[in-house]
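For reference, the structure is listed below as structure tokens.
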Amino acid sequence: MLRILAEQAEQAAARLPREVYDYYATGSGDEIALDEAAAAWRRYRFRPRIGLDMTAVDTAVRLLGADLALPVLAAPTAYHRLAHPDGEVATIRGVHRAGSLLVLSSRCSRRIEDVAAAADGPWWFQVYLLAETSIGRQVARRAVDAGAGALVLTMDTPYTAVKKRLAGVPVSDDDYLINFAEHLPAGGDPFVATTQDPACTLDALHELTGYGVPVLAKGVLRGDDAQACLDAGAAGIVVSNHGGRQLDRAVATADALAEVVEAVAGRVPVLVDGGIRSGLDVLTALGLGADAVLLGRPILWALAAGGAAGVTAALDALRGDLVEGLALAGATAPTDLPPGLVTRAPR
Ligand code: FNR
């Protein structure tokens, strides 16, 4: 793991209340998927190319119209106000100072419009469809109106899995309902209305493609599902097992990636998340065919450890680590990787 990420994780563990740290850190079930995520990236090896001029190495990429300084995005994660009083407003500032992009969670703890006002670059919005089916859609429309450049529909969460280290989500009712309250129907329990919609279908994905921005499908672990999402109109695929927080024992994303890349066959960008903690993890993902990666927990630890500046520092360090990895692998850019760069480690 990159040193600054390890240090920020330690600082966050020391600083955050125990129940907040556990809420962020936990996985579901026996935490098998969580435990395997980072290790899976480290089972791959590189076949570097030599004899090339590596004077100028550039990590910049263009992704669905967004120009980014590095192929690393901040994944959608809930309730950043548990990590920092400014919550997602601090996160987006830190992310944009590093030239990256925030995928803002449907379960964010600041008003979408306030996060958008703090933006200094592109951002996307993660959509959850909720039990009261109009709410998730109205929130998604608000995000597009506020400037979200894409919608990311999370499709691996028909129900929220029981988390191993968690009695309840340690967030205040006000922060929990901050973007939902104005859309609630009269009467009824707001917390029932805003649980997950168990029917997050391909039809729902298709419907979102009519909102005027590209739609990515998040939570894909199979080639056939990637194809089905493309058929439904997806403009991008996010290979994810939700950071080991949904189906425990789901395959590691490092191992699912190649099948999805093959099915997508270059038609749309493929992103991947889960356990990515260093420039070489990013390089492995790129070598296996991803266009970019996302970081979940490391952004939360960075936010808790150092606010916006901590987030910028984490992403800047990761970019530096990736520059070194690219140069030593014989690649001047994420789009210039040697063919067959990544291979499975021999047993
Ligand atoms: C998440 N994740 C997530 N995903 C999503 O689509 N919507 C959400 O609101 C959340 N919330 C959330 C909260 C917390 C505390 C965590 C740790 C994760 C999943 C997230 O987007 C991503 O898939 C994983 O976090 C990536 O794995 P790593 O980088 O955390 O190992």
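All positions are counted from 1 along the displayed chain.
Cβ coordinates are placed from backbone N, Cα and C, and glycine is handled just like the others.
According to TrEMBL, the protein has these features:
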type     : residues                                                        : note
ACT_SITE : His242                                                          : active site, proton acceptor
BINDING  : Tyr23, Tyr128, His242, Arg245                                   : glyoxylate binding site
BINDING  : 76-78, Ser105, Gln126, Thr154, Lys218, Ser240, 273-277, 296-297 : FMN binding site
DOMAIN   : 1-347                                                           : domain 'FMN hydroxy acid dehydrogenase'
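Projection of TrEMBL feature records onto the structure.
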residue	record	DSSP class
Tyr23	glyoxylate binding site	helix
Pro76	FMN binding site	coil
Tyr128	glyoxylate binding site	coil
Lys218	FMN binding site	strand
His242	active site, proton acceptor	helix
Asp273	FMN binding site	strand
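Within the set of binding-site residues Ala78, Gly275, Arg277, Arg297, Ala78, Gly275, Arg297 have a CB atom less than 6 Å from some atom of ligand 1. In this structure, the C-alpha atom of Ala78 (FMN binding site) lies 12 angstrom from that of His242 (active site, proton acceptor). Classification of Arg297 (FMN binding site) by DSSP places it within a helix.
Other Cβ atoms within 10 Å of the Cβ of Arg245 (glyoxylate binding site), summed over all protein chains shown, number 24. A sphere of 10 angstroms centred on the C-beta of Gly275 (FMN binding site) encloses 27 other C-beta atoms. Neighbour count (other Cβ atoms within 10 Å of the Cβ, all protein chains): 21 for Ala78 (FMN binding site). Across the domain 'FMN hydroxy acid dehydrogenase' (1-347), the prediction's mean pLDDT works out to 97. Just so you know, the Cβ of Gln126 (FMN binding site) picks up 26 other Cβ atoms within 10 Å once every protein chain is counted.
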